[in-house]
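> Pasting a structure below so you can have a look.
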Amino acid sequence: MAALRAPLPQLLLLVVAALLAAAPVRRAAGASEFDVRRHLSTVTRYDVARGSNSVNSMPSVPDGCRVIHLNLVARHGTRAPTKKRIKELDRLSIRLEALINEAKQCLKSDSLKKVPSWIKGWESRWKGRTKGGELTSEGEEELYNLATRVKERFQDLFDDEYHPDVYSIRATQVSRASASAVAFGLGLLSGKGKLGPGNNRAFSVLSESRASDICLRFFDSCETYKAYRKRKEPDVEKQKEPILDHVTAALVDRYHLNFTTQDVSSLWFLCKQEASLLNITNQACGLFNEAEVYFLEWTDDLEGFVLKGYGESINYRMGLPLLKDVVQSMEEAIIAKEENRPDGTYEKARLRFAHAETVVPFSCLLGLFLEGSDFEKIQREEALDLPPMPPQGRNWKGSVVAPFAGNNMLVLYQCPGKTSDGSTSEGQSNYFIQVLHNELPVSMPGCGNKDFCPFEEFKEKIVKPHLKHDYDMICKIKPPVAREEPATFSSKVSGFFTGLFSQKGYRVASAENVKTEL
């Protein structure tokens with residue numbers, strides 16, 4: 001497995017130097033004005049992420065090629081805070097009140113002058129709620145609108161009558177994922193039925209049990225990954241400490257409140273929730289300057305890289321069942337085309353709705369968002385460096401890799417074959433894969449940095465290296481081998497008579513059998 005290189009001494013020095021300088025990160029010439037909503041890592045709204053996506057569009061699909069199959073792997077849309085996070089915000093409200101009271105008792109009468117007015121008496125928007133994590137109305141719109149764009153972009157693919165075996169829609173059993181699948185299905189099939197004024201129609205959403213869903217929730221069943229994550233999380237927190245320490249010191253000096261690093265961590269979380277869910281950027285987000293936001297965003301991206309992405313090969317290799325499922329569906333579509341099966345008799349799209357923990361490993365299996373020669377390194381299972389810190393640019397950004405409703409689409413094209421003289425051959429077909437990330441073509445390092453890759457080359461250079469691994473081999477923790485104790489005389493005698501009676505047709509009742517019968 002690839003190990004992560006983390007030069008902590010250099011990291012500490014860089015953080016200290018950068019934050020003590022207290023200078024805003026320089027913006028490239030011509031860049032748009034700073035918008036905190038673009039720097040919320042994986043809490044970024046999909047429309048904001050698409051607006052700031054820097055992936056360059058590649059050349060258009062060659063003439064004569066037509067889409068024959070689509071694989072979609074999407075994250076659920078914007079969701080409310082989870083129950084655990086709601087409790088954290090409730091604790092933050094109590095903590096802010098205590099800080100204000102402490103400041104009031106300070107001998108300096110101007111202690112409260114620098115405190116933003118919103119902090120005084122602040123209460124969480126989610127106070128008193130006992131449940132959370134559900135898909136919001138904004139999240140529903142993200143998936144509904146995504147579906148309408150997909151339908152319009154691939155009109156020929158979605159012109160068949162709906163059948164669950166032709167357009168397969170799958171989701172995890174978590175409500176926000178299945179609700180996202182429903183919102184997408186409504187957009188995809190709007191006007192194709194007879195239900196209600198929108199002429200909707202019913203459709204099927206398939207889900208596996210959480211305990212056995214190794215295609216979309218492989219992280220739930222992978223014991224090796226869970227052990228790695230439990231072991232690595234404290235290290236990640238230590239790597240984030242220098243930035244949180246310096247931001248905390250800056251806020252204490254700026255607002256004359258005795259913030260702790262936990263306070264700052266909770267305030268950053270509140271900023272992300274307010275900016276993403278409520279479009280409020282002048283309260284919690286207003287506490288931080290531009291440079292601090294860049295560094296706090298980096299800590300979130302670092303955590304995603306180490307615990308979900310390229311930080312360790314177990315993070316993405318456990319997604320092998322999903323990659324196999326994608327390739328198998330495309331191979332079946334190619335067979336259907338080669339056999340000239342009529343439309344409506346084979347699957348045209350496989351549409352999946354899951355989580356960031358699904359989309360991120362899948363992106364890594366495809367080799368997306370790597371720096372320079374990193375693709376060759378992961379093929380050799382060598383160590384990768386951490387994402388570069390601000391003000392350096394980086395490919396690995398949670399707001400791009402897996403925002404709310406973030407997605408990868410693998411589009412399978414059938415293209416006319418070429419004869420030796422370069423002319424088009426009617427009797428031959430070539431098949432190509434185009435990868436769209438958040439609806440934009442994205443290059444694949446494993447395919448010569450092309451986004452339009454021959455299917456066989458895709459299988460050989462991107463998929464095949466992963467196939468030397470097996471999900472069970474990767475994910476099952478082998479129990480320690482127990483030493484066999486020498487058999488006692490009494491156990492040998494018992495075994496002899498047990499075998500003797502069995503041969504004569506008698507039923508020997510074990511202790512377990514007796515217990516069951518009782």
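Here the Cβ of each residue, glycine as well, is placed from N, Cα and C on the backbone.
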> Looking at TrEMBL, which of Cys453, Cys475 bridges to Cys447 via a disulfide?
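Recorded disulfide partner of Cys447 in TrEMBL: Cys453.
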> Between Cys453 (disulfide bond) and Cys285 (disulfide bond), how far is it from one CA atom to the other, in Å?
42
> Give me the CA-CA distance between Cys65 (disulfide bond) and Cys447 (disulfide bond), in Å, as a whole number.
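Roughly 19 Å, rounded to the nearest whole number.
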> Around Cys285 (disulfide bond), how many other CB atoms lie within 10 A of its CB?
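The Cβ of Cys285 (disulfide bond) has 20 Cβ neighbours within 10 Å.
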> Given the disulfide-bonded residues Cys65, Cys271, Cys447, Cys453, which one's Cβ is surrounded by the fewest other Cβ atoms within 10 Å?
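Checked Cys65, Cys271, Cys447, Cys453; of these disulfide-bonded residues, fewest Cβ neighbours within 10 Å: Cys65.
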> Return the member of Cys271, Cys285, Cys447 nearest to Cys415 (disulfide bond) in space, with distance defined Cα to Cα and candidates limited to these disulfide-bonded residues.
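Closest recorded candidate to Cys415 (disulfide bond) by Cα: Cys447.
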> Measuring Cα to Cα, tell me the gap between Cys271 (disulfide bond) and Cys447 (disulfide bond) in whole angstrom.
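So the alpha carbons of Cys271 (disulfide bond) and Cys447 (disulfide bond) sit roughly 39 Å from each other.
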> In Å, rounded, how far does the Cα of Cys447 (disulfide bond) sit from the Cα of Cys285 (disulfide bond)?
41
